[in-house]
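In what follows, a structure is listed as structure tokens, so that the remarks can point back to it.
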Amino acid sequence: MAFGNFDTICNITSLPLCSVVGSVNETSYFTRGIVPDCYARSVELANTMVFQIGNAFVHFGGLIILLIIIFNVRAKYTAIGRTEMLFFFYLIICLIVSSLVVDCGVSPPSSGSYAYFVAVQLGLASASCICILYNGLLCFQFWEDGSRKSMWSLRVICFCWFVVNFIVALVTFKSWDSALDSRKTMAMFVITYLINAIILAFYVISQIVLVVFALDSYWPLGAILLGVFFFVAGQVLTYEFSDDICRGASHYIDGLFFGSACNIFTVMMIYKFWDMITVDDLEFSVANVEHGVTAFGGDDEKRGSTIFS
């Protein structure tokens with residue numbers, strides 16, 4: 001595999017972007033798209049062809065889990081970084097919805113809109129990466145959480161990173177520039193894969209430093225390690241064993257099924273870690289629930305955390 005091209009990856013797993021990038025092999029039968037050796041079969045439901053049906057169930061299950069997580073985060077009124085974490089989970093919901101669109105054929109790979117939806121998916125995935133890093137740094141309390149300045153900074157950072165990834169991906173897919181076309185994918189590979197991997201590595205390192213040097217308990221370290229395990233396992237199953245899984249499952253599922261499931265478990269571990277390192281003033285929360293208070297402000301707001309306490 002040459003650095004920056006998707007030939008080897010797309011021959012193993014049926015990523016959505018594989019339908020809109022070109023093979024560096026000039027003798028390929030297709031001018032656009034790289035067909036994997038094995039991919040999950042489509043299913044016809046109500047005269048509608050649905051791709052990746054197993055992956056669709058994982059996405060729907062993930063949406064239900066995310067709604068439960070958001071409900072629990074919203075109920076933890078006084079926890080550190082509550083608003084910023086909510087923003088992260090909202091991004092994940094948007095990412096799952098975009099994945100449903102491109103994975104299940106809501107926008108068919110042959111349509112003109114498909115490249116735009118794939119670019120949106122990559123942009124949302126990148127925005128989620130930079131968002132979780134922001135939340136990780138927020139735990140060190142370098143700035144006030146939940147403030148207007150903090151939230152607008154988070155929104156601007158995520159939007160800018162989304163735009164960068166979206167534009168690079170779209171220009172690559174559409175071949176609008178001679179330096180970036182469907183066969184010259186190095187820039188997209190570096191930005192979408194390499195830089196985002198570095199961002200996630202920084203997040204993990206920062207949280208390990210936080211647990212080791214700032215917390216009284218090492219139990220949250222278990223949530224971090226489990227999250228890393230699920231994430232790495234998902235990447236390995238998606239990019240290395242997708243073909244074996246597909247053949248073993250008679251084309252009903254492939255590596256994307258397990259990759260998506262592992263990503264959901266990773267998000268659950270991120271929530272669990274945040275839940276373990278933050279505490280809530282129970283008396284304050286219950287009192288406000290009884291009185292129907294939905295928003296707090298001013299200096300009298302109580303916030304609790306196990307960090308630097």
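Yeah, the Cβs are placed from backbone N, Cα and C, and that goes for glycine too.
Remember, predicted model here, so these are calculated numbers, not experimental data.
Annotated in Swiss-Prot:
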- 51-71: transmembrane segment (TRANSMEM)
- 86-106: transmembrane segment (TRANSMEM)
- 114-134: transmembrane segment (TRANSMEM)
- 156-176: transmembrane segment (TRANSMEM)
- 194-214: transmembrane segment (TRANSMEM)
- 218-238: transmembrane segment (TRANSMEM)
- 251-271: transmembrane segment (TRANSMEM)
Fill in the blank from the handout: Near the transmembrane segment (218-238) in space but 6 or more residues beyond its ends, with Cβ under 8 Å, are 13, 200, 204, 207-208, 211-212, 245, 255-256, 258-263, 265-266, 269-270, 272-273, 276-277
Exercise for the section: May I ask for the residues of the chain that lie six or more residues beyond the transmembrane segment (114-134) and have a Cβ under 8 Å from a Cβ within it? Expected result: 16-17, 19-20, 84, 87-88, 91-92, 94-95, 98-99, 101-102, 107-108, 153-154, 157-159, 161-167, 169-170, 173-174, 188, 191-192, 196, 199-200, 202-203, 206, 270
Handout entry: Segment-segment contact (the transmembrane segment (51-71); the transmembrane segment (156-176)) at 3 or more Cβ pairs under 8 Å
Key = no
Exercise for the section: Count, for each of 86-106, 156-176, 194-214, the Cβ pairs lying under 8 Å from the transmembrane segment (251-271), and report the range with the highest count. Expected result: 86-106
Fill in the blank from the handout: Tertiary contacts of the transmembrane segment (86-106), defined by C-beta under 8 angstroms and 6+ residue spacing from its ends, are 16, 42, 49-53, 55-56, 59-60, 62-63, 66, 69-70, 73-74, 114, 117-118, 120-121, 124-125, 127-128, 131-132, 135, 151, 154-155, 158, 256, 260, 267, 270-271
